[in-house]
Structure formats: structure tokens, C-alpha cells
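Marked as NADP(+) binding site by TrEMBL: B:Arg48, B:Lys54. What TrEMBL records for B:Arg125, B:Ser126, B:Ser127, B:Gly283, B:Lys298, B:Pro299, B:Thr300, B:Pro301, B:Ser302, B:Arg324 is FMN binding site.
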Protein chains: 4
Amino acid sequence: MAGSTFGNIFKISTWGESHGEALGVVIDGCPAGLKLEAKDIQDFLNRRKPGTSKFTTPRKEDDEVSILSGIFEGKTTGCPISLVVFNKQQRSADYSEIASYYRPGHADYTFDMKYGFRDYRGGGRSSGRETIGRVAAGAIAIKILESLGIKIDAYAKEIGGVSIDYNNFDLKEREKNPFNMPDSKAASEVEELASKKRAEGDSLGGVIECQIKGVMPGIGETVFDKLDARLAQAIMSIGACKGFEIGKGFEVASMFGSTNNDAFSIKDGKITKGTNNAGGILGGMSDGSDIIFRAAFKPTPSISKMQNTVNKSNEEIEVSIKGRHDPLVVPRAVVVVEAMAALSLVDLIFTNMTARMDKIVDFYKN
Amino acid sequence: MAGSTFGNIFKISTWGESHGEALGVVIDGCPAGLKLEAKDIQDFLNRRKPGTSKFTTPRKEDDEVSILSGIFEGKTTGCPISLVVFNKQQRSADYSEIASYYRPGHADYTFDMKYGFRDYRGGGRSSGRETIGRVAAGAIAIKILESLGIKIDAYAKEIGGVSIDYNNFDLKEREKNPFNMPDSKAASEVEELASKKRAEGDSLGGVIECQIKGVMPGIGETVFDKLDARLAQAIMSIGACKGFEIGKGFEVASMFGSTNNDAFSIKDGKITKGTNNAGGILGGMSDGSDIIFRAAFKPTPSISKMQNTVNKSNEEIEVSIKGRHDPLVVPRAVVVVEAMAALSLVDLIFTNMTARMDKIVDFYKN
Amino acid sequence: MAGSTFGNIFKISTWGESHGEALGVVIDGCPAGLKLEAKDIQDFLNRRKPGTSKFTTPRKEDDEVSILSGIFEGKTTGCPISLVVFNKQQRSADYSEIASYYRPGHADYTFDMKYGFRDYRGGGRSSGRETIGRVAAGAIAIKILESLGIKIDAYAKEIGGVSIDYNNFDLKEREKNPFNMPDSKAASEVEELASKKRAEGDSLGGVIECQIKGVMPGIGETVFDKLDARLAQAIMSIGACKGFEIGKGFEVASMFGSTNNDAFSIKDGKITKGTNNAGGILGGMSDGSDIIFRAAFKPTPSISKMQNTVNKSNEEIEVSIKGRHDPLVVPRAVVVVEAMAALSLVDLIFTNMTARMDKIVDFYKN
Amino acid sequence: MAGSTFGNIFKISTWGESHGEALGVVIDGCPAGLKLEAKDIQDFLNRRKPGTSKFTTPRKEDDEVSILSGIFEGKTTGCPISLVVFNKQQRSADYSEIASYYRPGHADYTFDMKYGFRDYRGGGRSSGRETIGRVAAGAIAIKILESLGIKIDAYAKEIGGVSIDYNNFDLKEREKNPFNMPDSKAASEVEELASKKRAEGDSLGGVIECQIKGVMPGIGETVFDKLDARLAQAIMSIGACKGFEIGKGFEVASMFGSTNNDAFSIKDGKITKGTNNAGGILGGMSDGSDIIFRAAFKPTPSISKMQNTVNKSNEEIEVSIKGRHDPLVVPRAVVVVEAMAALSLVDLIFTNMTARMDKIVDFYKN
């Protein structure tokens, strides 16, 4: 189990390396009858595509997806969907030097420890390009969620210490700046900071926030497969992610029961909650409120600033990482967060269909 | 899939409700030849047992474990191990009233939404007693880790906003105060605050930190089953946990590549890292440094302070939660965190045994 | 993964040894709202209980089941159901001798090879008593199937070479003879043969046939998780089972396309098949006809007739197996076959609920 | 879960339809350091390639495999291996007619029942071409087994009622006739019969036998994941397979304990068995003897002989199936049987590495 498979019912298997032939994903368990064309997936891949601003790697890749199976006359057939993106600009030469030493903050050392050697070209499997398969599969999961009235939106909440102001919050701003920030003012500040850090050969981290609207109550299993637990695995499995929190998250540690509990009330005849400190999840199950979570991303480890490290001959050396790197990973990770959230959620929505015997009997009666 | 099963190779299935006959766990995949007796497990259950201080529920339970299978002449046989703890003080009467309404911060509402009804006695499956199975199985996982030279220690880092001072850090202090805090001074402050909040009928949250020493490098899979991702699911699946972070965690968001990257260096001829901002994990695999993570726990939702909520007739009401509740969940959750960390880790250590073809060939040659 | 877990969505974990404290099973994934009491399960356990005729082991066991979790007010809650049967007549002394040698046809040798030692008391985990957990869980699966209008019936088709005559076929006869044969005449012949073989200290094998009526079309997945493939694993996992076939089974090898294909026709306006050589499954999915399969069981390996074998000191010896053994396993295995068929089928019926997007949307609309 | 994923540790996901763009497989969990090039896989695909004799479909396909990921400098990296074969001769026109009716013996009807519609081109996912992914992945599994000294050989034991004579048995003959029969005389008889049946527009079934040599004792788990049970699922999941048996198989039903039990004896100081009725498996675990199993395959359902069936307007019609079909499936299924056996076995060999605590400790000490 190399661990490139995710999901129990809506199951995906991603594959591919930064500088290999291609990258892709197989989705096993997509229901039949979903309208799907390459464009649906391409739109999402375009959101993570490199080369769209000076703050992303200058590597040029079209990241054009092909659907190789599982579709017939514009609809999914219920059989596995195979998606592939061929690499074009895999200039391996750029990376030959790094074969000999361990880049700080990267998986070079741990790959060697685990497997005895590594595909050192551009990070191999631990490159950011690994997320192509996640985003392609996630695009399908998001289409499924849309059919169920569910909408996922992630955005940069904080970059390099600059946070959005919720008074300025406007999701539409997100696409207008290179940082996926829903606050134009914060985005301007980040632009200045990022330009400066980029010039210094340094990089920035940040926080991505994600809101999910329209989830019916009761999704998530009660013990190990709680919705928030599965979201946590999904999001923490994104390279560079170092923290995950739901609702008030770490803030709850210093709150009291009386200030943290969300009181139930009646609104328009329906049960609702006045506050949403829980982030839309109670006992691991969705409660009908918006689901809100955040993920912390570390600064890109590849920096041209001089760093100390060791080589494979166990010598201490100084290095400056060359190559085509993003000075910050957060903007392009936003769509990856949406994809992973969708993949977790679809799996648990499907799982939930067998929660009640009466509904199973009804299902098969019709 | 009700989601009470965890792990792929070292697999556990927990079961049982707060006020049912018993609670327990089946472990499928424990290797043969591990010395094991009830006492090994009992020691861990005693650490989560209620009634040990005025800051835990006064419910009296011995939580005495019986081993029903999988052991022969003092050693595990490789067959499933069934562990059971019978409930003694299941005073269901205490809980009859709550059947009619939804307690804020609890899973009452979501259980009803998911399953159509619920076992309302003491929270049923979403009670803290659900963790008995986790801790019992975790005790075995911890024994396995010990055989491999790995040591897990969790402790309360912060309660009700009072944090430990690392200058006073002393793991041995942990057992000497009712809060599992490795700093006697902080523990005293917490005692004062907790007494006050308890008197007010309120409750406190906190942060548990966990350190794991001695993990060989290379443990964890490279994409979805990263060690930190699996730890995240494991820990976030504990009731009341609202956040998880590894190494510097959320702090990395405002750090730069140059300040966050851990430089490799040579010490005594071996590759090591000067700092450990990564928390012992690079690219989802252990790097040989200590693994350090933190989890945020919300205040116990059961408080006697008056709260607003709704009943099942869709009426808004005011409630004061009676019954035997812990004013803070953190102290007793410490051992649950250790258990879940051990369960995740053992599973990935076992998974890692098939990472290299040469080692597989060697294994079967001998 | 010791492999005592079965199913993906309706998941069971069995545990327990012949001469341990108890045996049981945890069912994770049973839908909420199913009426269930101990009697429902006991009825099935009674069908596999020893000591009911001179052709079964004289070991006396009540095999009384207790439900320890997952039921509230007479209905399943959606949480794990833990079932336990305590052993009463575990006379380990009977078995002490066999610790030193390897019984032919038994798992003694392979257990030692795999695990380094074994629980030699009564076969430990490879005893027929291991099936208690299967039957207990299967009883619940059968209840679920009944709610969906599906009926499973297995019976002895052949014992010791004596086969039933389908002209005499009467399911009601099954309970009237100690062999579970739906043909009283064949049962009489078997009685004579079995008495003779028993007197000789020998044992008999046989074939169990199983018919499943009322399965809606489309159950089973299209590649590896075909309904017949999953049934095959389920049935072949029963100790002593050496062959599995569906429909015409091995007979198809000498048939031709023109004689084997089942022609579709219209009956009462509905699509049906005139013959059922396929045994109710086409392309791995149920086709709405009766599902018919057969399983071959070897003669009980424990015989008092003298046999050659080796002991743990690598010496060739002669042995006569003493103890309380069934001279034939087929009659008591009938209910185990029903249980395993039900467990496979329920899992795939649940899986099938996510086959079509339109039905998923409908499910959540209501 | 569309069920195109197989294996727990050595996990494969196959995809692709007969007349889609391509077919392929992703292998997740292949150990690092295995020498692998396209030729290793191509050799196996060539064995199942169509158009090699007049007894296989005249469809011309090179079935040329490309490795898209998971290999670096000629060795597996431990990351997912993606294999793809592009379709060339997908003449969909051939199949347009069959869209309107249900072919007897095919999955047309059940696909429609399950998914609401189907990719009717050439059987879509239930075409024999689906096995390309299995064989490609199986080729890698077989390479792994070879590293461990294990050899798998399958062959046609019986076709159209004509069985091999074990006195003439010669594995080298297998490649010399178009039927994969290890007996030239039987092959000649089959040639005559098959030519006749082909001329009549009819088809033949048969039995494939498989022997596995060199499996170390103790492989297989003790309850549901017995080696024979997993082999049964694997083999029965091959389209057209209707029966599976191990060792003496269905013959055991009429044997007695005294004639069926394999006596242990000592040979060259080692424990061995004089007979092998068990087919190399005791209690679900390999016993060190050769593993021998058989699988029954039905005659190809596509025949040009006139058949009765129904169309989608619920009318009874007569049809003659045109198109490019094999008159018998057995010869080309031989390599698929080897592939599936290898996939099951590798998975359980990997699983077995965590059976004993002492061996785990040793593994990590080195």
C-alpha cells in the first residue's frame, strides 16, 4: 500500500511524477448517469495550472486532461474513469544536481530512507504536480455535490502573516488577484510582501479557509470516520499542510462550555443554530450549518536563499535551490483543498445511504 | 460502514455504548508472539478511568478489562484479540429527560438526523466511554511500539487558556496533578480556574501535545496515507477534538522558507536536523526526529449553566444539563491521544515492511 | 490483517477460539431501525449447535448468544453490534496430546509455520466453532435480506457420494433428518452409510447447494467484486470447503454456447429467462433469476482410524485422533453457507445503492 | 465502489472499455527496487493478444503497453505504476445493432438494470479486453514472485469435453498449440472439435488448471482471507468463470477422511506430504506443497447460431451475433488465470510479513 488510494466507496487512485511521462487518476465508484466532459475537469485543472502569474513557477504546462474511460455519450457509465495529463516541460536537467544532496524541508531524505533511492527529478512523486490527479478527481466529486445542492469554496485566508478582513470579504474578489484572496485590500498587501520575499529568494506560508454550504444533516460516521476526521486526513495529506482545524478550531481551547456551545433555536419552523463555533459538525456528523475549516500551509521549501544541508556522502554543504518554484504554495493549493474536501464528503454522503433500514427498503421498492 | 473500524493491517473494531451492557474492541492483525496480559491493558484503562479526582465525573466504574480471545500461554497468537469492559454504573434514569430535547454541543440532534432515533442514555455511542475500546487497543499498539524502541507521551499543554511553561517542563509531574500537566505551576493555576468554572456550572477546553520518540525514518506513505495525515484522522476522530497540528503547525503560516526549513547537519557521523519545525515528518514520512503534534479540545458541552435549545416538538426551551460530567475532558483524553497515535503509527510501520523489494526477499530468505 | 474481517460496508469482525473464554463477532455497518432480539440470532446458532444427533460431536454447548451493544428498545441503532457466546465445555485436557504432532488434514502444521506456535486446544481458531461469529452475524444479514424480500436456503445436496433426487426435492424434509437433506430417501441412505463409516472411525464429505430467491437485478460489481466472485470467497473461506460453482458450474466446460446460453423471453410482460444455467448471475450481476451455487466439503479430517503423520521432533508416527468430532461436517455447515451467502449479498446490495446518480439525488431529495 | 480495485497491500485499479480510447491499470503498493521494463509486461500481454490463431477473434490489436509512472532508471520507485494500452481497432459500427437487444449469456441486460444504460460497444467494460489491466498488473506480480522463487503455470486442462491425459503432460507443449494445452494429442482432438463447432457458429467451454510451485508455508490468513478463498474470488472474477476448486475439489465430496487426508512424512529430514489432495493449502494457509487449482469456463456466449432473446421494447426476437469473437475463451484466459493467481498471492505474501512480532523486530533492527 503505497497510499495513493483514497476513499472507500468513491475511490480514487492517483499516479504520476513531476518529470515522468504523465500524471493522472483512476476513479472507481463514480455513479452512472452523471453528465461529464473534459471541460468540467479542465476548468479545475486550470485553477491549479502553473505560469499564471509571477508568483507561480514559470514552468509552462497546459495540463490538458484526457478522459480515457468511463464515459459514454457524455455521461458516466458507472465504470472506472481514467484521467490523464501528459507532462510537456519536464526539463530533468534542472534537477540533476539535487540528486546528490538533501534539500531542507523536502522529502528527499525521507524518500531515500524509505525506498533506498528516489526519483530526484523535480521532487518526483512529492512534487506539487502530484495534486493533478487529486484536482481532476475532485472536479468530478464537486459535480456530484452540485447535483445534491452542495457548494464548496476555499480561499486564502492569510498569507505571510497578512490576514483577510471579514468586513471586506467578497468571494468574487478571489479570482481577481493572484492569491485567491477574497479581500482585495489584503491581496494588495500580500502582493507587496510576496514581491519583496521573492526578491530575497525567500518564500511565504499561509492559511486556507474552506466553507461548504448545503450539506444535509447526518453526514459522517460516528467514531473513526467522523466527517471532520476524514476531512482532516484528506487536507493534511496535501503536501506542505501542517495544521487543520474545524469551526473555532484551536480557539476552543481557551473557551468555556457556556461560550463555545452553539445554542439550538427555531427559525422559520426549522431547527437551526444561532452561532456556528462547531463549524457545522456535531459528533462527527454534519448538523446542517455551513461547514468551515482551515488548513495551515508552510512556506515553499525551495528557496534560492543560501541554506545549510548535507549531501549523500554525509558532508555538510551550503546550497541555493535553483529551478522553477512557486514562492508561495497557498494560491494554487486552494483548488486542491476544495478537491480533497469534495472527495471526503462524497465518500461519506455515499456511505450514509445505508444508515437506515427504512430508507434502504424504500430505495429498493421504487 | 458505521465507521467504528480503524487501520488497514493492524485493524480495530470498537463497540459499545455508555449505558449498554459493555464496551470493547476486537483487534484483527496483532502479530503473534507478543507477551500480553490483562494488566498491560488495565494500566492504560486506569489512566482514563472516571472518578479519580473531583475534576472528573463522579460515576464509579472499575473499567476492568477481560481478554476473551487471541492469547495463549501469555502470548498473542496472531488471531483476533477480543477485549471487553462491562458497565456497572449505568444509571439510565439520569438521562431519561434528555431524550426529549437536543443538548447544545452534543451529537443528539445529528444522531436523530442520521439514524431517525438515538440511544439517548448518556450519549450512547458518542459518550466519552466510547474511548474505552480505543484505549484498550491502543495499549497493545503501545506494547508493539515499545518492542521497536518507540515511546509515546502525551500531556496537557494548555487548559482553559493556561499554558505550560517549557522551562518548567517535567514529564514526571504529569501523574502528580489531576490535569496530566507536565508543569506543576501551570497545574496549580488550572486547578484554581477549573474549581471556579466548575462552581459556576461551566467547563473548560484545552490543548494536548504529544511527542513520539524513536520512530525510524521512512514511516508513512507518500500521498494520502502520510503519517501526519493518518495521525490527523486518528486524533480528530476523538470526540471534542477540533484541531490538529504537527511541528510548528499553524505558526508556519506566518514563517518564511528561510526560517521554517530545518537544516540538515551531521552529528556523530549521522544525518540530523538542528531544528524540528517539521515535527519529525517530511513529505508525510518520519525523518527520525521526534514527532510532535498538538490537538485542540473543546470544553465539555454538558454544563449545568442554563442554556437555550430546542426540544423534539420544535419548541425553544431552556435547559441545565444534570448528570455526572467532567468539567474538562483534556486530562482523561491524554491517554486516548496516546492510544490513537500508537494505532496510526503501528499500522504504518507494518505497511512500511513492503516498501522495498530487497528487504522482502531478505525477510523470506531467513 | 489476520483476515477475520469481512465486508466493505456491512463489515464483520469475528473472534474466538474453540477452547478460549468465548467467541463472537462485531458488526460495523448494520443500518439503524432493524428490529432485532437475541432470539433472531439464537435460532440460527441453534441450527449449527453441536450435540443434536449422533452424527455431530457429543460436546455439549448451549451456544447462548448475548447482544452487548448496538440495540436500543428492540431496534438496531446504526452503531456496532457486539455478539458473544461463552464457551462452557472447553475440556482442554482432551487436546493436550495433539500439541506434540501434526494432525493430517488439519491446520496444525501451517499454524506453526505461520505464527511460530499455536493454540492447540481443539484446533484453536481453525476449529469449526470459529463459525459461531459468522452465523451470528449472518442471522442479522438474513433479517436484512428478508426485509427486502430475499430468501436464502441451503441444504445438503450430496453426502458420501449419495446425492438427492430432485424429483423427491422437498425443502421441508430438510429439518426432519440429521443431514439437512431435502430428500428423505437420500437421507436414509446417508444415515446407513454414515453409521457404517462412523463405526469404522472414518468420516464423510459432501456438497451443499444454496438457492437465493428474490434478488433484484443488478446486484454485484462489474469486475473484481462480481457477486459470484464475492460469494466464492465467502464460501471458500469456510473451513473444509474445497470447491465452489455457480449455476451449471463445472458442467459448462463441456457445453456449447448454443446449449449453455440462457435465452431471454417475455413472461407476463416481463423479461425472464427460460433456463438458468448461469445460476442467476450475468457479468457478475444478479439477473433476477434464482441464484444457485454449490460448495464441496471435504470429510472431517479428525478420524479415529489409524493414520501416519509426524511429530514436532520430526519423527514419523501413527496416530488415532481421539476427542469429540463430527463424522461429517456438511449438516452443520448448511447454516454457515446461508450466513456467508447473506453477508456477501447484503454488502453488495448496500454497495449498489450508489450505482446511479439519479437514484442518489432522489434518495437525498426525500 | 464499482469494484475494479483488487488487493489490500498490493492494490490494483483496472479501467477501460473494449471500444474506448484505452485500457490500463494503476498498481499502488509495488515495492521499490524491482527491475521492470515494458518488455516484462508486454510478454504477458502478447500471450492474451487477439488474432494469433483462427480460434481467436480476428480483431487486430498490438496491445502495446506504455509505462507512464513509477519507474526510474529501470527500477520501480515504490510509487504507483500506471500502465496503458491504447485501443486501435475499435470499430464501433460492428456493435451498433446490439444496442437494441439483450444478448443471451452476456451482461447487456444486467448492465442496463444496474446502471440504467450501457456502453454497448463490444461489451464495454464486460468485454474480454477488460483483462488487459489484470494481465499487465499480473506480470509485475509474477516478477515479484519470481524474486521469491515462486513459479505459476496455468494451462488448458479440458476444452469442449476433451481432457488432457496426465501421462502425456508436458508443459512445453503448451506454447506449441493454439489451445495452451500441455498435451499435443488432446490439443489435436480439440482442434478438430473446435473447427467443427466454429463452422457451426457455436462455441466451446473448458477447464483451466494452475499449479504454483515454491510457495513458502504459512501464506494466507486464517479466516476470511484464506489463500484459497482469495484465489477463489480472484479467479471467479474473470468473466465466463463458473467454478473454482482446489486440490481434489468437488471430488472430496465422495471421499472419506481416511482416503482424503494427506499423511505427513519426513523426507530428507524435512516435513512433507505423500499425497496432495489438499492442493497445497491447509486451514487456508499454504503448506509448502504445490498449490493446484482449477477453474471452469463457459463457452463464449457470442455465437452466430440463431438464438432467441428479447429487445429493449420487450419483444421476443431471434438473433445471430455477428462481429469478431473467439469461439473459445479458454486459451486466452490461461494467462489471465496466472495473473489473478499472482495478484492474490503477492498480496497475501505481503500481508504475512506482519504475522510474527519477533520477525517484525528483526526486520527493523537491520
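Keep in mind that glycine also has a Cβ here, set from the backbone N, Cα and C atoms.
Features recorded in TrEMBL, as mapped to the structure shown.
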| residue | record | Cβ contacts under 8 Å, 6 or more apart |
| --- | --- | --- |
| B:Arg48 | NADP(+) binding site | B:Asp63, B:Thr131, B:Ile132, B:Val135, B:Arg332, B:Val335, B:Val336 |
| B:Lys54 | NADP(+) binding site | B:Pro178, B:Arg198 |
| B:Arg125 | FMN binding site | B:Gly16, B:Glu17, B:Ser18, B:Asp119 |
| B:Ser127 | FMN binding site | B:Glu17, B:Ser18, B:His19 |
| B:Lys298 | FMN binding site | B:Gly105, B:Gly205, B:Ala240, B:Cys241, B:Lys242, B:Val329 |
| B:Thr300 | FMN binding site | B:Ser203, B:Leu204, B:Ala240, B:His325, B:Asp326, B:Pro327, B:Leu328, B:Val329 |
| B:Ser302 | FMN binding site | B:Arg103, B:Gly105, B:His106, B:Ser203, B:Ile321, B:Gly323, B:His325 |
Report summary line: Cβ within less than 8 Å of chain C, restricted to binding-site residues B:Lys54, B:Arg125, B:Ser127, B:Lys298, B:Thr300, B:Ser302, yields B:Arg125
Query raised in the report: Using DSSP, would you call B:Ser302 (FMN binding site) helix, strand or coil?
Result: coil
**Report entry** Near chain A - the binding-site residues B:Arg48, B:Lys54, B:Ser127, filtered by Cβ distance under 8 Å
**Finding:** none
Query raised in the report: Does DSSP give B:Arg125 (FMN binding site) helix, strand or coil?
Result: helix
Query - Local backbone state of B:Lys54 (NADP(+) binding site), from DSSP in three classes - result: coil
